[in-house]
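> Here it is, the structure, as C-alpha cells.
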Amino acid sequence: MEIIEKAPAKINLGLDVLYKRNDGYHELEMIMASIDLADRLTFTKTESNDITITTNSGFLPTDRKNNIFQAIEAMKKRYAFEGGVHVNLQKNIPVAAGLGGGSSDAAATFRGINRLFDLEATLEEMTELAIPIGTDIPFCLKGETALVTGLGEIVTPLKRPIPQSWVVLVKPKISVSTPRVFSKIDVDTLTHPNIKALQKAIEDNNYTEMTQHLGNSLESYTMKKFPVVKMIKEKMLDFGVDAAVMSGSGPTVIALCDKHSRAIHIANSLKGFCQEVYVVRTLNQ
Ligand code: C5P
C-alpha cells in the first residue's frame with residue numbers, strides 16, 4: 001500500500017520576537033498561513049525494520065538529520081508498529097528559505113505514518129512528538145491560518161483564513177540558517193510588528209488593513225547580512241505590490257496582490273533580478 005501526503009509551505013505574515021528565554025529559545029508571536037506550493041511525500045511499508053528516504057533534491061540529508069526520519073522514529077517509538085518505511089520526497093518548496101519546508105515534510109510524515117499503520121494518533125499526540133523535532137511543525141500539522149505563540153508550539157486558529165490573496169514569492173540564491181539568525185539578533189534593538197492589529201484585520205476580512213500590518217522582527221538582521229533581501233523587498237514595493245515582508249528568518253520575501261494579473265505581471269518583472277519567483281495562492285481551508 002502507498003500513502004501520499006501533500007506538505008504545503010507556510011508563510012509568516014507577521015513575526016514578532018518578544019524576548020529571549022533562559023533556555024536560549026525565543027518567545028514568539030506570529031501569524032502564519034499555508035500556501036499552495038507543496039512538497040509531495042509517498043510512504044510505503046517495507047519488510048525490513050529500516051527507514052529509507054529518497055528525494056529529487058540534491059540539498060537534503062536522507063539520514064537521521066532529516067526531519068522526516070526523526071518523525072518516523074518518534075512515531076515508531078511511541079506506537080511500536082512493526083516493519084520499516086520507505087519515503088519518497090518530491091521537493092518543490094525551496095530549502096532553507098523561510099517557508100517551513102522541512103517542518104511541513106515532518107508534519108506530512110506524522111499524518112502519513114498515522115494513516116499507513118492505522119495508528120489512530122490524535123493531533124495532540126502528534127503535536128507532542130513534533131515539538132522536539134521542530135518548532136514550526138505544530139502549525140504545519142494544523143495548516144490553518146493561525147496565531148502561533150510560545151516557541152511555535154501554541155497554535156490558535158484564527159476565526160477565518162486570510163482574505164483571498166495572491167502571493168508572489170522570491171527566493172534569492174542564498175540559504176539562511178535559522179539557528180544562526182536567532183543566535184545573532186539583539187532582541188533589544190528589534191522592531192515589533194503589531195500582531196494584534198494584523199490578527200484583527202484578518203478576522204475582519206479586511207485585506208487593505210491586513211496589508212498595512214505585515215511585519216517581521218527578524219527582517220532587519222537578515223537584510224543587513226544579505227542586502228539582496230532588502231533589494232528584493234524594495235523592488236516588489238516599487239513594482240506596486242500591496243505589501244511585502246520577509247518570511248521566517250528569510251531569505252524568501254513574500255508580496256501580496258489582490259489581483260492575479262498584477263501578481264503575474266510583477267512576478268515577470270522580478271524574474272529580471274532573481275531566478276526563483278513563484279506566484280501562489282493562500283490555502284483557505
Ligand atoms: O525548531 P526549529 O528547527 O524551527 O528552530 C531552529 C532554531 O531556531 C532553534 O534551534 C533555535 O536556535 C532557534 N529558535 C529560537 N526560538 C524559537 C524557535 C527557534 O531561538 N522560538
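Every residue gets a Cβ built from N, Cα and C, even glycine.
Automatic prediction, not curation, is the source of TrEMBL annotations.
Pulled these from TrEMBL:
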ACT_SITE  Lys10  active site
ACT_SITE  Asp136  active site
BINDING   Pro94, Val95, Ala96, Ala97, Gly98, Leu99, Gly100, Gly101, Gly102, Ser103, Ser104  ATP binding site
DOMAIN    66-143  domain 'GHMP kinase N-terminal'
DOMAIN    200-273  domain 'GHMP kinase C-terminal'
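In terms of burial and nearby residues, how do these features look in this structure?
Summarising the environment of Lys10 (active site), the number of other Cβ atoms within 10 Å of its Cβ, over all protein chains shown, is 27. In the three-state DSSP scheme, Lys10 (active site) falls into the strand class.
DSSP assigns Asp136 (active site) to coil in the three-state reduction, placing it in neither a helix nor a strand. Every protein chain considered, the tally of other Cβ atoms within 10 Å of the Cβ of Asp136 (active site) stands at 29.
In the structure as shown, the Cβ atom of Ser104 (ATP binding site) sits within 10 Å of 30 other Cβ atoms.
Mapped onto DSSP helix, strand and coil, the domain 'GHMP kinase N-terminal' (66-143) counts 43 helix, 7 strand, 28 coil.
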> How many of the residues that make up the domain 'GHMP kinase C-terminal' (200-273) does DSSP mark as helix, as strand and as coil?
39 helix, 11 strand, 24 coil
> Using all protein chains in view, find how many other C-beta atoms are within 10 Å of the C-beta of Gly100 (ATP binding site).
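There are 28 of them.
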> Between C-alpha atoms, which of these binding-site residues comes nearest to Asp136 (active site): Ala96, Gly100, Gly102?
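Nearest listed residue in space: Gly100.
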> Out of the recorded positions I have (Lys10, Gly100, Ser104, Asp136), which ones have their Cβ sitting under 6 Å from ligand 1?
Asp136
> Are there any residues at least 6 positions away along the chain from Ala96 (ATP binding site) with a Cβ closer than 8 Å to its Cβ? List them or say none.
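Sequence-distant Cβ neighbours: Phe59, Ser175, Val176, Ser177.
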